[in-house]
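Under the heading transmembrane segment, TrEMBL lists A:21-41, A:53-71, A:92-119, A:131-153, A:160-181, A:193-216.
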Amino acid sequence: MKPFLAMLTRDMKLATRIGGDSLTVLLFYIMTGAIMPFAIGPDKDQLAQLGPAIIWISALLSLLLALDRLFRMDHEDGSLLAMRQASLPLEMIVVAKICAHWVTTALPLIVATPVLAILLNLEIDQTLRVIFTLLVGTPALICFGAIGAAVTVSIKRGGLIAPILILPLSIPTLIFGVSAVSSGAIANAQDAALLFLAGFTLLSLVFTPFAAALALKMAAE
Amino acid sequence: MRKNGKNPENIALNVMNLACERGGFEIFSGVSFTAQPGEVILLRGPNGAGKSTCLATLYGVLPKSFGTVSFENIDPEREPREYLHIVGHVPGVKTTLTVKENLTFWAQLYGGTENVLPAIEAAGLEAIQDSEASILSAGQTRRLGLARLLVANRPIWILDEPTSALDKQGDQWVGQLIADHCAEGGIVIAATHLDIPHLAPEAVKTVMIGYSAVDHAS
């Protein structure tokens, strides 16, 4: 347990220090969300209707921003190689890094969501529902991102390669995330969408550690 | 009587006829040696001969195309990686963590000691232990990377050019680290041109890595 916690706290420290990703992601999220009302115009009803989708798109884009770097820094400075000798399997190291990444990037973003909700004129119950779907759905986004980041870890200046790889995988999460908030034509569609969202998250949590660890091992060859 | 505080299980390493192929091109072949407790294996050869590749094949990051690497006396319940320390070309130092945080992390991840102060002192970094590693010079960063060897006890050290960027005192320090580790029964496999002080000549084996890559190029 101690090696796992050491990995977790170290990544959390790195993300919150200067040059870390926490603040970048948070600011990008608020910025993209905040400029939407200016582009869409002052129609309050329209804003409220588009609100959940805007929040989800902003969250997805800002998470993509930092996901690319999940393993790259450690790969470049030799830490990843040294981590493979740890008394912890690489799969568990991936789990620790995913947890730390979720806490330092997705969680601040979820906490900041009410700010965006006010700007987008969302009702309180809808705001709470967006926050809940983000809580359920963002771990899946981080997991898919981790696989993309692991596959592209050895590509120097990969640029957009990882996001291009991650984006198609993230689309189902986006679809069900938004439809779990927005009122659709079909009754109970929201709850079904929420269950699908939870299913994606659970599935990705199970497969990602193995897939990402395998990709990292192959990248080191 | 040799002490074996660093290698209580008497782990030994047997390498037989090891070869590695990358993209259909043979990097090196026919590397054989045995490393008994207390021995230093020095890999020598010209640039591009495959020393780093050979080390990577030893610790299992690269697949071998031929030959065997076997560890003697290891606990079958544990993975070979848990007996290894690896320091490669890049030292694995995080510049936004302090010197102490860097080492404490490795100590905890490797299941080593809680007290990292002796390792910091051994590396000569005690005056700046609470400073961010970004202020360190190249040599100090290398020392910090090597201090990782001291925070958790692993019987086999695999070092790739451990003295690059180090000054003369640094060279001596690394030589002393290796000598001390072997004096207590540890095994060191290093690609280096360093002379290891205070060690019986019979404990130092030199393995020449082939000239195949150079031959092919010419």
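Using N, Cα and C of the backbone, Cβ positions are placed for all residues, glycine too.
Note that the structure is predicted; figures quoted are calculated from it, not measured.
Contacts between the transmembrane segment (A:160-181) and the transmembrane segment (A:53-71): present, as 3 or more C-beta pairs lie under 8 angstroms, all at sequence separation of six or more. Ranking A:21-41, A:92-119, A:131-153 by CB pairs under 8 A with the transmembrane segment (A:53-71) puts A:131-153 at the top. Long-range contacts of the transmembrane segment (A:131-153) within the same chain: residues 52, 55-56, 59-60, 63-64, 67-72, 75, 80, 94, 97-98, 101-102, 105-106, 109-110, 113-114, 161-163, 165-166, 169-170, 173, 176-177, 180-181, 194, 197-198, 200-201, 203-205, 207-208, 211-213, 215-216, 219, each at least 6 residues beyond the stretch ends and with a Cβ under 8 Å from a Cβ of the stretch.
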